[in-house]
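The following features are taken from Swiss-Prot:
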| type | residues | note |
| --- | --- | --- |
| BINDING | 170, 226, 228, 262 | Ca(2+) 1 binding site |
| DOMAIN | 393-497 | domain 'Cadherin 3' |
| DOMAIN | 498-603 | domain 'Cadherin 4' |
| DOMAIN | 604-714 | domain 'Cadherin 5' |
| REGION | 863-884 | region 'Disordered' |
| SIGNAL | 1-25 | signal peptide |
| TOPO_DOM | 160-724 | topological domain 'Extracellular' |
| TOPO_DOM | 747-906 | topological domain 'Cytoplasmic' |
């Protein structure tokens, strides 16, 4: 059997816990038996038990491997067992006879079958110092052997054990490296092994604190340790062969750093501030001071004690305060705290570790400043019994008197701040008292207007007290009282209208000169004989006037409810009343005229413009009516179309949807695109009703499948790009050029045709019939032609030009021609023959005149007609006389022409 030891030179020997399983003397393997393989587990400890310390490992034989057991301790307050059978200490306690024995239970979770085993702990007695030194050379930690399984049976080897932690004091002086323990494996007899340690302090930061001899397994520390930096090191020891193959499972080595008293207590603050009310009873809590120690708080090195070293001043007693030596709470221990005598105390506080041991403990000091706070032990007192003030009537927010008090308490504290109140003489609440925060004076202020004619003087009773009540035991009364006499000064007051505003109800449409009402003001100055005059101050529509003496209001224009100056049927006018006092005063009054509606506005169509498609389906326009009147003079409305012109009802139809809306639709299947003005008759429901023909501008346009207009304006408005617009404009310009070229070509062709027609013999130019143009029923009833229009043919107005349409070949073109010499006017409108002869002479002598005057050619309308065609008028130079007798055969419509040219004598 191997003995496990290990400890630094400065500590008592550390004996490792040793567990040994019993084996048969013959070394044969016994049959598997469910339960604990040992009757008693023993562990030998080198020191008292620490909280969380692993003690030993108990094993439960589970032959079939299917049982799931749960471990319990008979002393759960002291020991606990993990699922793997490791036993730990629940708390720290000195190992004694009552803690040396306990039981461990294992219970099957399914069958509830239960087993138990006893555990015995013993403390190895301390060895003499010489023995320790000798034993150090052989103290070693041996890698444990594991229980192996062979053919379903357990073969017992070395029993598992737990290595107790190694304790090292901090701040050790060496020499370094300082040997701690030797780690070895029992396989070193047959194999060449190499040892190593890993973990923080070895190969992890902070590295190099612990080293191990790879050959001998000797573990050493290389420098002093500091518990305040690292209180525990957790290392793992490894054993491998020369090829680096793991020979043993790693074992855990815990090194605890033992605390030394190397840190003084430190106060959280060097100066502590606290307060205590004056007159406090003994035992009153004041404040708490706190110090901390970096040493182990569970050891004497970190256990602090407090005490008061000094008190200044020492009146009325040198021991006015005491401190709890463990918690640092400062309380009063004597009566007599008086702020008026001592306002502040200064205490020197000391904190000492080692539970306050003055010989071995380290100490530090701090200052505690305790301020004695004031309490209300002095009430405020008025400096006079009566205060005086005066105020003009109708003035508010003015100070009429200052109330002064004295208070012996600390200024600007609740015990010094005064609160004033009026206890009598002001039932209507016309006065108020505010406290000046700087001087503590009471400011008597008027908060409601005071009327001299009602009351000429006020006598107020006021009281003053502090914000907080007086302290108990004070014999003074809690408040002080005084009297305030306020005199009211008479002033000229404003006249006032009553009621204001004044509301009257009138129908709109009243004619000018109608008396509406009388609006007068009253003068509150009853003791003054004053006259009041009235003027108009505001009349937005200039509808009213007021009599300056009696206040009678009369209309000067027609009242209109629909005026923009009328809001919510109410018209507001403001009037001014002025007296002749010194100084003169004035007041305003508002007259509100509620105008009753009459049916004086005809309805109008809304909207005034709309769009519709060329085809009726789907096509409709929803319209409504706008009537500035209100119910019952507005809706419901009646919608209809007028009878004239007939195209309205022929093209359109209107359907009434309800009292406010109607629908306008196309009646025909197709209407050419354009702008149409559709008159709509709208009638309201007034009594009597009022009608109006309102024009709705309808834009008829081509539509897409969705019923939306597709005209160019809409397309451009829809956001066409600049390039698209330029392309469209170019296309339009090209089209216009083509049209112009076509027109030029047509005119040139007309000239060629006219030239050919001039060569036709007049005798052969016989028309078979005469076509009628613009026949609109009946013949020309007015035969009295105005021949005066022939006097100046070249001054005919452009409106007389025949519109573009079917034109005769021999008709003069409409476009501009060169300006020819002006021919003389005929001497008389009736002498048409002389006029024509003079015109022919002028044409013959004019080299620039076109040949239109030589021969007039009319459109050829066929041959073989019994009636001859109209002949042209020949000039005198053309040769021969023209025979107009055939005009008599053309019927009554040409009678005038036959009379003019048929007479040979004329």
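Please read every residue number as a count from 1 along the shown chain.
Placement of Cβ uses the backbone N, Cα and C atoms for every residue, glycine included.
Apart from 170, 226, 228, 262, the Ca(2+) 1 site neighbourhood in this chain, defined by C-beta within 8 angstroms of the site C-beta centre, holds 171, 225, 227, 229, 257, 259, 260, 263, 294, 295. With every protein chain in view, the residue among the binding-site residues 170, 226, 228 whose Cβ has the most Cβ partners within 10 Å turns out to be 170. Around residue 262 (Ca(2+) 1 binding site), the C-beta neighbours below 8 angstroms that are at least 6 residues distant in the chain are 170, 171, 295.
Taking the domain 'Cadherin 4' (498-603) as a whole, pLDDT averages 88 in the prediction. In the three-state DSSP classification, residue 262 (Ca(2+) 1 binding site) falls within coil.
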